[in-house]
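Right, one structure below, let's go through it.
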Amino acid sequence: VQAVQKTKMAIPRRFKGKPVILVLVLSITLFLMFKSYLGLNDNRRSGVSKLRSFFTFSVTKQNGGSSINYSIETVDTFIELYRSKQVALGSQFILIDSEPYNEFRKRLRSDKKSNTLLHLQLNDNGLKTNLSGTKMGSCEKFYNGINQYELYDPNEEDTVANLLNELATRPIVKAESPLEYNQTTIILTNDLGCVGIFKPKKFSREYQTPEDLLYFSEFEHHTSEIAAFHLDRIFGFNRSPPSVGRMINVTSDIKRQNNIYPYMSPVGNRCLVIFCKQYCDSACAICGEPEMLEGSLTISLPGRQIPIVKDETIHPWRRTYTIAKAAWELDDGYCNRHVKIDLKYKKGRILLDLVDMAVFDFLTGNMNRQYFDKFDEFAEDAYLLHSDNSKGFSKSHYDCMSCLAPLRQCCLIRLSTLAKLIKLYQGPDSLSHLMRTSLNSDPIAPILLEPHLDALDRRLGKVIKAVSDCVNSKSWDDVVVNDGVH
């Protein structure tokens, strides 16, 4: 009533004596006033702003491309340049407005390299892949499919689906926690001999890393491993090891060991203190509810159960892990002066893979890329693995522009990667919609809340803008490379 009086709003005679209609009029008035107030405070990072974001998420369109909520004028202009070149680029790169993203991605794959396919040959210290004539479980089938182009063939959907189901449901027969890991990690072996890396739940889905916390002090997020796998699969990289949500019993699945100590919490939950390199004392224990613990279980790749660091795998854009800045953060010419002249980045696909990884890390918000890993058995055809992704999706309102340094400084990007970015930007399918749909299949869904999904759409346009800036400063042919990797 006070609101009506303040706005000097007169009540028409026809509403007098009609209390229901009067209440309706008052409600609409208050709603419009509240909406106006929220609009005036759109840029404030306060509780009201977050409430406004909640309403925005609830009405956000699922389809229409990521640009429907985050259109960038310079990106729109750049896409017109792409369209003017698409016929010359090849029929598989032509954008068809009504074509679903997954159909477009299949069209790209139809033109991938067709030279002899090399499969990974493992010795007796790994998992034998020469199991022809024997019945193979999902793990063996997955390992058998690792090849010079990708970890798995997306056309073999049953292989990955069965693997995820096995990781999520089969009984645990062995659990151990190597001290070599930086944060709490458990190596689980199921009754079929399949080995996975378990990252336990430490926070609720709503938790976000405080904005003032430095990147090297961040905790791991189990949901980030799962979301990163799905994002990698949507882009058709197929370089991220399959990861799935799983519940384990901290009493029956994990036995006491030298570095694993069980105890009962004050509220009756079963907890474990697991020692490792960082964040592994009693203040960082993991607890079940009361015995069941949620986490992510990621397939262990051959020879990689224990982290092994080699000098040649140090990421050229590695951070200092102190308050000091790295050389690449102070020198925009770092790529030309230090990376492109290095022999190991001149041959094969590694430099373009580093740019793919930069795009991937920017979208996930992962600032913790210290090293890169690849199967050396494939020589120059070896692709970089998109593994160790547990520090992504921690700040939905923050876009780590420094994660794009390899792209922005080298001014290089793979044509197939650019084409997929543009297709997701234009639609009809947005990246957030594809991720939401894909993640809903996980046993512990929801994996990501709406703010993180919305951030994917926002960041997507910024990646394309970085490419546009490079093309404007150089030329299309200097920046966009078609190396046959799709």
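Here the Cβ of each residue, glycine as well, is placed from N, Cα and C on the backbone.
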Record-annotated ATP site (TrEMBL): member among Asp76, Asp97, Asp388, Asp399 besides Gln183, Lys199, Glu220, Thr298, Ile299, Ser300, Leu301: Asp388
Most distant Cα pair in Å, residues Gln183, Lys199, Glu220, Thr298, Ile299, Ser300, Leu301, Asp388 binding ATP: 20
Glu220 (ATP binding site) - helix vs strand vs coil (DSSP): coil
Same-chain residues at least 6 apart in sequence whose Cβ lies under 8 Å from Ser300 (ATP binding site): Ile187, Val195, Gly196, Ile197, Pro241
